[in-house]
Amino acid sequence: TGVGAPSALQSRVIGEADGLHQLGWNVPPEELIYIPEHWLSYMEPPASMHFLLGLFYIAMYIMGMIGNGLVLWVFSSAQSLRTASNMFVVNLAFCDFIMMVKIPIFIYNSFYRGFALGHVGCQIFAFIGSLSGIGAGMTNACIAYDRYTTITRPLDGKLTRTKAFVLILGIWIYTVPWAVMPLTEVWGKFVPEGYLTACSFDYLTNTFDNHMFVGAIFFCSYCVPMSMIVCFYSKIVSTVFNHEKALREQAKKMNVDSLRSNQNQNNQSAEVRIAKAAITICFLFVASWTPYAVLALIGAFGDQSLLTPGVTMIPAVTCKFVACLDPYVYAISHPRYRLELQKRMPWLAIKESSEDTKSVATTNTHNDQETKVSA
């Protein structure tokens, strides 16, 4: 990394001569040692690109803080929402909330066109990002497991608050080392990337130890939760489809239209609701973290010339954007949550009826189980 210093200093001379700048031209010499030389060979983006990204991040920051803040407030204070399953929703909102907390660092760097907050700001940004990103992925996996056990084993699959607490504790025990190790440089390290306004773990240093770290974090923070999410939601969809098929066949034998006494033609069928929820949840996780996973693998094991500053900013944006969407997908689509919002903030004009809080996706099981299906 230290080899990059002359390159950046030389770019200052070029900038003074004809107005052209390379990335790192405005970084103090003592901070240049923390920037991978790969980025210092690229021209910086137009100032307008920095400003547009800064404005977009401001919008995401407001949206994410409000959405996740409301989830934390309502789910934590409403008695009807204090269930074991909703503890995972609160934990997910907490992960997304702290993801939003680091955004001001990016905004500040963007409006100062580079590595303005230096090494310390970079370490804070990347550390919070690792905690929130890996924590959210594992929480999504636990939500998938919880819904799977509830729907496939409605009589004995319901988690208790104690079991949910143990799982959440396990999430953080699993997550924290992947943020602490690169922070302390025990294994891996955090470095700036892209336009030098964001930071992540180092996937560019060409050493065996760093390749092993990238491979390990790819498997543990991406492959593990991804496999769990796809597995559990696939089984949920399969179970619900088979259940609905059995009900229709039984109804046909009895010469009735449906075995459901409260079925409403205006309501979506159970299999469609569950399929949509499962596909949406899987898609959000894939859309948010697959770009970063591919980026890291290319940086460590592929052609690094493919990783231009503009390309590497794409996954940085997608992860934050999905953290903004999570509260609306997981919670605002939750009937009981909407009912609590209607009570606390009537000016939102949500118009949620208490009858709508019952799910049509399962038969008459426990109310908490029904809520998780509709969520």
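In case you wondered, yes, glycine gets a Cβ from its N, Cα and C as well.
Only residues 6 or more beyond the boundaries of the transmembrane segment (51-75), in the same chain, are considered here, and those with a CB under 8 A from a CB of the stretch are 81-82, 86, 89-90, 93-94, 96-97, 99-100, 103-104, 106-107, 110-111, 195, 197, 313, 317, 320-321, 323-324, 326-328, 330-332, 337, 340-341, 344. What TrEMBL lists as transmembrane segment is 51-75 (among others).
What TrEMBL lists as domain 'G-protein coupled receptors family 1 profile' is 67-330. The domain 'G-protein coupled receptors family 1 profile' (67-330) scores a mean pLDDT of 86 in the predicted structure.
Residues 26, 50-51, 53-54, 57-58, 60-61, 64-65, 68-69, 71-72, 75-76, 121, 124-125, 128-129, 131-133, 135-136, 139-140, 142-143, 146, 161, 164-165, 167-168, 171, 195-198, 316, 319-320, 323-324, 326-327, 330-331, 334, 375 of the same chain lie 6+ residues outside the transmembrane segment (87-112) yet bring a C-beta within less than 8 angstroms of a C-beta in it. If you look up TrEMBL, you'll see 87-112 (among others) marked as transmembrane segment.
The transmembrane segment annotation in TrEMBL covers 124-143 (among others). Sequence-remote contacts of a segment are chain residues at least 6 beyond its ends whose Cβ falls under 8 Å from one of its Cβ atoms, and for the transmembrane segment (124-143) they are 85, 88-89, 91-92, 95-96, 98-99, 101-102, 105-106, 167-168, 171-172, 174-176, 178-179, 182-183, 190-191, 198-201, 220-222, 224-226, 228-229, 232, 281, 285, 289, 319, 323, 326, 330.
Marked as transmembrane segment by TrEMBL: 164-181 (among others).
Positions annotated as transmembrane segment by TrEMBL: 212-233 (among others). Sequence-distant contacts of the transmembrane segment (212-233) (same chain, six or more residues past either end, CB-CB distance under 8 Å): 133-134, 137-138, 140-141, 144-145, 147-148, 174, 178, 181-182, 187-188, 201, 203, 278, 281-282, 285-286, 289-290, 292-293, 296-297, 299-301.
The transmembrane segment annotation in TrEMBL covers 277-301 (among others). Remote same-chain residues near the transmembrane segment (277-301) are listed as 133, 137, 140, 143-144, 200-201, 203-204, 210-211, 214-215, 217-218, 222, 225-226, 229-230, 233-234, 236-237, 307, 311-312, 314-315, 318-319, 321-323, 325-326, 329, 333, 375 (criterion: CB distance under 8 Å, separation of at least six residues from the stretch ends).
Outside the transmembrane segment (313-333), and at least 6 residues removed from its termini, the chain residues within Cβ reach (under 8 Å) are 53, 56-57, 60, 63-64, 67-68, 70-71, 74-75, 89, 92-93, 95-96, 99-100, 103, 106, 129, 132-133, 136, 143, 193-195, 198, 200, 277, 280-281, 284-285, 287-289, 291-292, 295, 341, 374-375. Taken from TrEMBL, the feature transmembrane segment applies to 313-333 (among others).
Beyond its flanks by at least six residues, the transmembrane segment (164-181) meets 84-85, 87-88, 91, 127, 130-131, 134-135, 138-139, 142, 145-146, 187-188, 213, 217, 220-221 of its own chain at Cβ-Cβ distances under 8 Å.
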